[in-house]
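Undergrad: To start, I am sharing the structure in question, which I have written as structure tokens.
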Amino acid sequence: MAKAKFERTKPHCNIGTIGHVDHGKTSLTAAITKVLAETGGATFTAYDQIDKAPEEKARGITISTAHVEYETQNRHYAHVDCPGHADYVKNMITGAAQMDGAILVVSAADGPMPQTREHILLARQVGVPALVVFLNKCDMVDDPELLELVEMEVRELLSKYDFPGDDIPIVKGSALAALENSDAKLGHDAILELMRQVDAYIPQPERPIDQPFLMPVEDVFSISGRGTVVTGRVERGILKVGDEIEIVGIRDTQKTTCTGVEMFRKLLDQGQAGDNIGALLRGTKREDVERGQVLCKPGSVKPHTKFKAEAYILTKEEGGRHTPFFTNYRPQFYFRTTDVTGVVHLPEGTEMVMPGDNIAMEVHLIVPIAMEEKLRFAIREGGRTVGAGVVAAIIE
């Protein structure tokens, strides 16, 4: 069969499968591609192809992730599936594979298990906006009351971690039945129902171009007779010539006006998300701006020094620390384009953090950085990455 060409006209959404080991995340991923392949919305990808996921590097950390793509009536999806639990932790914290939503896979035969809990907590901490549940292996449970019990347990667990447990769609089925064509109701039909729920329940993410303008400062030049040019890659939004913008982070926030946008030495009337541009700033001196600050739409982002974070600390095999660290550890936190020193405060009852751990912690930076929830950072010691993290909540 000829490979169907993907039409890029549908809105795009990034999702992934999460849940406890052996509850059927990878089987479900394969089953989705199998069922959607019937309507030309996917190319069937077998279990073993997904399971031997290639290694990738994100922020200096090696992660194994499998990527498949498929489409439904409404959307085009990029779907990530990780072979091991550690890969999920790293993936979600580094944002290597950004998730606009996730399918939580729970085995009906086992109910929620330790990693079910941990993945829900991680999804909450790193800001995954919405979850849909697939209750897998329902063909192994004969008692409908038992299924209801597991469903109640899952809903309670979701509510405990501040997801709307009562409203989240839970689809009952069997990924294996779909792969083996054994039971149409629990297999094929359940997968289609799952995708209908994912389409309906996971909100369409706002495209970067529609969000308020932000550009991390990479370099600053002064051009005689023209003023100061700041270069960088536009992270989101649009910058038009004549726009008023703020310079945020490290020092007091300054206001300025963009009097020119250039790309590849040509003058443009605007730069947008994804563009590498130089922005000419009116009346701003070369020494007023530095790498590590951001240009942004006025009022859209504030500078902060204290925040709660979820972080993963590299093992020594991954090039990380060889020894644990304690409260008052002072590494550098690399945000966007620069390192800022910060002090780590561990939660009550956590004596120390070992290489390979993931941990919730509080950080106090010595200078403010433009930040918001979900912002990713690296933890470094003398330029060497020893961890990765994400801002879970801002304190001040």
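Glycine is no exception: its Cβ is also placed from the backbone N, Cα and C atoms.
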Undergrad: Pick from 5-8, 69-72, 81-84, 185-188: which range does Swiss-Prot record as region 'G3'?
TA: 81-84
Undergrad: Tell me which of 60-64, 140-144, 230-234 corresponds to the region 'G2' entry in Swiss-Prot.
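TA: The range carrying the region 'G2' annotation in Swiss-Prot is 60-64.
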Undergrad: Between 19-26, 51-58, 379-386, I'd like to know which one Swiss-Prot lists as region 'G1'.
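TA: Of the candidate stretches, Swiss-Prot labels 19-26 as region 'G1'.
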Undergrad: Looking at the ranges 136-139, 252-255, 320-323, which is given as region 'G4' in Swiss-Prot?
TA: 136-139
Undergrad: Tell me, what is the mean pLDDT of the domain 'tr-type G' (10-206)?
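TA: So the average pLDDT across the domain 'tr-type G' (10-206) works out to 94.
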Undergrad: Just how many other Cβ atoms lie inside 10 Å of the Cβ on Thr26 (Mg(2+) binding site)?
TA: 22
